[in-house]
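The region 'Disordered' annotation in TrEMBL covers 1-32, 499-541. What TrEMBL lists as transmembrane segment is 63-83, 179-203, 215-247, 253-279, 291-310, 359-382, 413-434, 454-477.
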Amino acid sequence: MESSTHRKPIAAGQRAEQDSQPVSGQRAEQRILPSRTEPMARGFIRFIGGPPGAHAFIGRANWWTPLRVLLATAATFLIFGWLQKAQCIRTGFDGAGNPYVDWSGKRQFTSACYSDTVSLYAGRGLDKLDFPYFTSFTDDGVTRYMEYPVLTGLYQWLMAAIARPVEAVWNFLPLPQAAPAAIYFGVNAFFLALFWLIATGLMTKLTGNRVWDTLLMAASPLVIVHAFTNFDLLACAAAVAILTFWANRRPGWAGVATGVGVALKLWPAFIGGALILLCLRQRAWVPLAKLVGWTFGSWLIVNLPIMVFAPEGWSQFFKLNSERGWEGSTIYAVIAHILGNDAWNGVSPTRSVEGAETLNLLTGVLLLIALLALAWLVIFAAPRTPRVGQVAFLATLAFMITNKVWSPQYSIWLVPLLVLALPRWRLVFGWAALETVYWYLRMWQFLPANQAAPYWLVDTVTIVRLGLLVFMAVLVIREIMGRSPDRIREAHGGRDPLAGVLAEEPADAPTNHSARENGNGSGGEVGVKKKGAEKKESNDG
């Protein structure tokens, strides 16, 4: 029996029809309760008072809605992230009384509070407001430029410009004196946190009836250690924006977000690539043209001025990545340690690594093989069109596993994608906890030999981390092939909530009504899903 007094009881034989054909003012897909589906959540919910009862009124909260709860959780974990880096923004004073960030005793490694933000402030001339890509600096006798993609470089300069008046106000107020780099870090952290909160808010929409899966993002342990390690939250926000525009049938705007994302970091290109594969499967040529055209156009608008007027600075990102060797968190580092061959990691005075060309060829071939296999899976092998979240996760993971660089903070890229691809709480939280431990081990490797974490231990965790991610990829592939239940489709009447213009009619998928808020007679407010919405065409540019 439905708990709402405004709705007539529905006969058992009518529920299946309602599930497949929602009418105006109703929807059969209803919010999933993690207290009934996630073993990890059950224990915690029991601890704080127990799960909702069979006749609970779900969805009627006036203030503590899922959105506000999840944003508050995300903000709390961002505060934890600030505290994790706090040891690295302590201010010391030189002989003349000038403040500086005190990293004495290798504090940045012993406390694992290292942040590129602090080291880049003076290292890239941001303390002097040198404009990136036009201004060079000398590093070990080598002339170099800002090595980040254009939008990330411009973002750093903008934060440095904002930090100037913030520093002036700080010094005017009766506050403890702070190093300029510490104030710059604080300005960065504020805006990075803002982008992450926006992404979290958008994620509550993308998760649909599984809104509480957003907790995997908001409360991820990776936020604590990596929210402010680098500038990766910018690209994460762009990635969520891509998927949001696509889910809302705006392929042109999804292309704009993809171009912006690639101008921040390379990896959002693989989310765009995932959408391209799905368009090819369905022969959706118009959305494909809009996506590709606007991606290239928006990326070019951002990059063209720097390409034309500062070509050397603009090409630094590509030059550095072509010349560098493997990074210590990759499988290539493990293989090199096993073989006792560090040739690909040797650094010459010109910053060019001996054997880098061979390593580039190897990683390029492996990535090509992985992407071709994914294309075959998506276009030909899958019995029905895979979900957007599944393909985006697999494409991004293929890039990360085969790439010669996997800085520990890169793992936060996968957090929003796992929410949409494989929301298995114990598995995802377990992986994130392992990544958090891994960060500390990697930082301790930079300590003196008698204090450093041994290579064999770090390499072992590297292999375990890789194996866990491959295992999750296999689970996603099994869902794509129909060999395992797809929880997200089950929660949305057999549909992909991110499909957008590629939406298909739902297949006959099993539905877990017992886990739903309105299942088994429990109450709840039913949302609205317009009839025929899956047929709506996009009219964006």
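Each residue, glycine too, has its Cβ placed from N, Cα and C.
Note that TrEMBL annotation is computational and uncurated.
Packing against the transmembrane segment (253-279) from elsewhere in the chain are residues 149-152, 155, 231-232, 234-235, 238-239, 241-243, 245-246, 285, 287-288, 290-303, 371, 374-375, 378-379, 385-386, 388, 391-392, 394-396, 398-400, 410, 413, 500, 502, 540: each is 6 or more residues past its ends and has a CB under 8 Å from a CB in it. Across the candidate stretches 63-83, 215-247, 291-310, the maximum count of CB pairs under 8 A to the transmembrane segment (413-434) is reached by 215-247. Tertiary neighbourhood of the transmembrane segment (215-247): same-chain residues 34, 70-71, 73-74, 77-78, 80-82, 84-85, 112, 114-117, 148, 151-152, 155-156, 185, 188-189, 192-193, 195-196, 198-200, 202-203, 205-206, 253-254, 256-258, 260-261, 264-265, 267-268, 271-272, 275, 388-389, 392, 407-413, 415-420, 423, 425, 428-429, 432-433, 435-436, 439-440, 497-501, selected by CB-CB distance under 8 Å and a gap of 6+ residues from either end.
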